[in-house]
């Protein structure tokens, strides 16, 4: 706590989130405890500050053992109270983000059974064209196209239009005629895009929940997303969607999606047609463009992770930018600002996946140290990344992708040095030993999570 106080703070915050996840604690029970702890911490902090400033100065400045004991005791009291406060904050924060809903939320108007509704709202994600399995899962001919996106609901029609809130997932299923009249890659209902206000007719219901122990819970999965998804609506035929207006989205996200579209146009222009889906997936995270046959091949060979955007992509981008800007004679502070801005822009373009956010925050802390003339600390950088990710979405703590991403980094940082002398022969070149050491450290981090989840290790 003395040298890395953020580690203890984030750990207590994580424990608080976990406690609320496994043992639901209402916010009304936690809030009085937070209030009391805040008052106690404030009093201890003020008292400690006054005692520290009241130390005798001059040749008799050496404190007595009694004085030292009081100061140390107050310091420990401040630290303990701060950790308790952070723990309670983690409980309440996860409760508010995961369990709290407004009275006019869309979840209050839907049930587990599909019901026909009319909705009005704003598109808050870029529409994606996917292939959904039909009656025969193994037959590619039975797979049909579906356009999926998120809708920020504004109103629902019963007898009259009633204002509502909440985000739902929309699946648009084209008819056979609509599918036949469009190509596989260019199908898009009237060029639907982020920020469009639309009106639609469809069937809406709550997401399905797990019926057996250990079964995948689709409802919880959607509720853990950012933003939280309350319901799923199916729309048959694009004729059941009416375009109202555009330009209702966030300006930054509008810029991000337009930039991504321009990058995709560049890829379409200069890359061979057969390689476009693979290049778009590796560079921009558009995995939906990859043909299902190719995805199946990657899965069978165990290399599907090559299609996933990860910290490796951020590392390649940052190293390339660093040396390019150094060749242009940029000073270190200007270089750091440019790299931080471009890194976060790339994270937004690729969909703000958890591994990308983690890597981007670590890059920001590293180059931010040059801006403020401070020393960079790797442990604080990792902990800061975890803390910011959980502030954005506390439910990411229970996301396997987040857990594996953090464990992989911890394995490289803290395990690789210990295993170098024990596992790797000293006769090999130093660069080869370093590569193998980092690879083994990452693998051990993955194995730890894998053993906990699956209770066995694949050979």
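Any Cβ shown, glycine's included, is placed from N, Cα and C.
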>> For the feature transmembrane segment as recorded in TrEMBL, pick the matching range from 330-349, 350-369, 430-449.
In response: 330-349
> Quick one: do the transmembrane segment (330-349) and the transmembrane segment (304-324) have at least 3 Cβ pairs under 8 Å, skipping pairs fewer than 6 apart in sequence?
Replying inline: yes
>> At a C-beta cut-off of under 8 Å, are there same-chain residues at least 6 beyond the transmembrane segment (5-23) that contact it? List them, or none.
In response: 79, 82-84, 86-95, 98, 379-380, 383-384, 386-387, 390, 394, 397-398
